[in-house]
Amino acid sequence: MLKVGSSLLAADGGGLSPRFALGLAQFVSANLAAGRELVIVSSGAVAAGRAILPKAVDVGAPIAARQALAALGQAQLIALWQRFFERAVAQVLLTHDDLRNRRRYLNARATLGELLRLGALPVINENDTVSVDELKLGDNDNLAAIVAALVDADALFIATDIDGLYSADPRSNPLARPLDDVPELTPEVLAMAGGSGSNVGTGGMRTKLEAAAKAGAAGIETYLFNGRSGEVVRALAQDRLRGTRIHAARTRIAARKYWLRHAPVEAGAILVDAGAAMALSDKGASLLPGGVVGAEGDFRRGDMVEIRLRDDEGERCLARGVSQYSAVDIRRIARRHSRDIENVLGYSYGENVVHRDDLVLL
């Protein structure tokens with residue numbers, strides 16, 4: 001899995017440049033020639049669209065305007081990658097809903113698997129044109145990590161505009177030292193991350209480490225390298241790392257539990273009391289309506305939500321899971337016994353608000 005940011009494809013702040021992408025394309029070609037399967041997650045649609053209509057919008061423009069630029073630029077982005085390879089390049093556009101909904105998530109996995117079986121090169125991007133959440137900081141870094149787990153990748157390579165992770169921001173601190181090997185992403189390591197310094201893309205080093213943590217939970221190592229350096233990319237194509245290796249977690253979680261933990265969450269939460277929190281964390285129980293005190297947001301049945309403990313100290317997130325009932329229904333059955341659900345609602349989807357098989361503790 002290779003993730004490429006827009007700052008590497010439009011490094012002069014203008015449109016996409018084959019010159020900037022050439023080294024990365026050679027890295028891809030070397031891996032394909034070695035018989036490896038590869039998937040690319042590539043940003044750059046907004047930057048390409050901005051070059052088509054340079055006076056249309058600034059970097060900090062409203063989401064709707066940037067989405068329009070993405071619509072203009074996505075074809076340019078795919079054309080850029082297609083020109084480097086003799087094999088077919090497949091465009092795959094995903095949204096948070098595709099990753100949050102279990103059925104669509106599995107459909108995406110099946111499609112990507114078939115593309116790889118056919119010998120195609122999938123190039124993935126968020127569907128910027130319709131996805132409101134897409135244009136948040138670092139989204140494609142996290143997308144790359146989730147897709148890496150989706151296709152059961154061996155490794156995640158994240159091309160950035162510096163030489164990897166440093167002990168401090170090397171642009172502002174001359175004493176910053178490079179870290180070539182990170183056995184574990186501790187809070188101290190995360191604190192070392194600074195911004196990328198680029199005004200072309202939206203991802204900083206912090207989001208790249210968050211992506212590495214997500215990939216690591218699926219047993220996937222992450223490599224951060226300087227995608228602008230021809231020497232670094234050529235070395236990488238020969239399996240010689242010049243950058244930062246971030247080890248995978250020691251314990252790999254099951255595929256379904258991974259999805260529950262890392263899929264984008266619906267803007268909503270189920271609020272529970274201390275007794276329910278103890279049953280979830282200590283006994284591995286399902287969440288029953290009797291321990292529910294309320295619901296936040298307007299989520300629907302089948303949506304991924306957070307499960308939060310509400311007590312005198314406030315709220316804190318305990319778990320994530322797939323709700324069997326909508327927020328409206330949960331407010332009506334909160335504090336009720338499971339046997340009362342049908343009497344209150346006029347129907348029942350079962351005794352559990354969230355079944356333990358559809359729940360993961362955080």
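For all residues, glycine too, the Cβ spot is worked out from N, Cα and C.
Among the candidates ASN31, ASN140, the residue that Swiss-Prot names alongside SER43, ASP128 for the substrate site is ASN140. Put simply, LYS3 (ATP binding site) is 8 Å from ASN140 (substrate binding site) when counted between their Cα atoms. Of the listed binding-site residues, namely SER43, ASN140, THR207, the sparsest Cβ surroundings within 10 Å are found at THR207. Neighbours of ASP128 (substrate binding site), defined as other CB atoms within 10 A of its CB across all chains, total 26.
One residue stands out among the binding-site residues LYS3, ASP161, MET205 for having the most other Cβ atoms within 10 Å of its Cβ: LYS3. MET205 (ATP binding site) sits 16 Å from SER43 (substrate binding site), taking the CA atoms of both as reference points.
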